[in-house]
Amino acid sequence: MELATPRFRPDPSLSREAMETLQHDIAAAASFENEASPSPAAIRDGDALVAGVDQAFLDDRAVSAVVVLRGGEVVAREHAVTPLSIPYIPGLLAFREGGPIIDALSRLDVEPDLLVVDGSGRIHFREAGLATHAGLLFDVPAVGVAKRLLCGEPSRTVASLPEGTRVPIEADDSMTAADGTVVGYAYQSRQYPDSKRINPLYISPGHRLCAETAVDCVAACGGEYKLPRPTRLADGHADDLKARYGDG
């Protein structure tokens with residue numbers, strides 16, 4: 001894969017103010033509407049390539065893993081190991097982890113139709129989470145799948161939701177989006193039938209998808225567990241790589 005908009009490449013040496021300014025520019029350039037994005041049916045039927053993106057961490061390095069699937073079957077894997085130069089700062093994750101992700105995606109010999117990124121998309125203070133940044137850099141439809149809610153407010157409680165339930169996440173006053181804008185969904189991908197102990201995922205469009213389609217695409221990715229199959233496999237690949245490089 002090649003970068004489509006290299007001017008948005010995250011630079012960890014920037015000041016915090018400059019990072020936030022770049023994120024405003026990214027949000028303005030990104031699209032949160034369906035634009036040449038794969039349909040959920042294409043994902044289910046194997047007519048679209050879906051890349052799961054996740055990371056693991058050593059003391060001073062990030063291990064970025066990408067697993068590409070077609071119809072649930074793995075067709076490609078890539079990774080990159082890159083030094084970490086700044087600490088974790090809420091809302092500025094792309095400046096810490098974006099470089100390793102770019103390196104891993106750039107090594108792919110296939111062109112994914114969708115990126116499924118472990119992290120937020122539009123559910124972000126400046127509407128420019130990791131999935132938005134990555135999707136715009138490569139100009140590929142992207143969706144963010146987060147385990148925790150960074151910002152915004154659920155329109156109703158997300159406690160003990162039945163499997164398959166979707167609850168809109170609305171922008172609040174910590175975000176640049178207008179209050180009440182639906183920026184994503186809490187999605188109960190899996191649930192125990194007798195003990196509702198699994199928390200929902202927080203799904204948001206990264207680039208070239210609307211919020212509703214983002215959830216539809218994640219649901220179409222399938223998987224037996226809470227995480228969609230692409231990011232679950234990327235998570236496992238990242239953990240295996242961490243063990244390999246950690247021993248070195």
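Each residue, glycine too, has its Cβ placed from N, Cα and C.
Residues or ranges marked as Mg(2+) binding site in Swiss-Prot: Asp54, Asp118. The site 'Interaction with target DNA' annotation in Swiss-Prot covers Tyr88 and is backed by sequence analysis.
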_Quick check: in three-state DSSP terms, what is Asp54 (Mg(2+) binding site)?_
strand
*asked:* Measuring Cα to Cα, how far is Asp118 (Mg(2+) binding site) from Tyr88 (site 'Interaction with target DNA') in Å?
replied: 15
_Validating a neighbour-count step here. Other CB atoms within 10 A of the CB of Asp118 (Mg(2+) binding site): how many?_
25
_Can you tell me whether DSSP puts Tyr88 (site 'Interaction with target DNA') in helix, strand or coil?_
coil
*asked:* Is it possible to get the count of other C-beta atoms within 10 angstroms of the C-beta of Tyr88 (site 'Interaction with target DNA')?
replied: 10
*Calculate the distance in Å between the alpha carbons (Cα) of Tyr88 (site 'Interaction with target DNA') and Asp54 (Mg(2+) binding site), and round it to a whole number.*
16
*Which residues in the same chain, at least 6 apart in sequence, have a Cβ under 8 Å from the Cβ of Asp54 (Mg(2+) binding site)?*
Ser64, Ala65, Asp118, Thr231, Ala234, Asp235, His237, Ala238
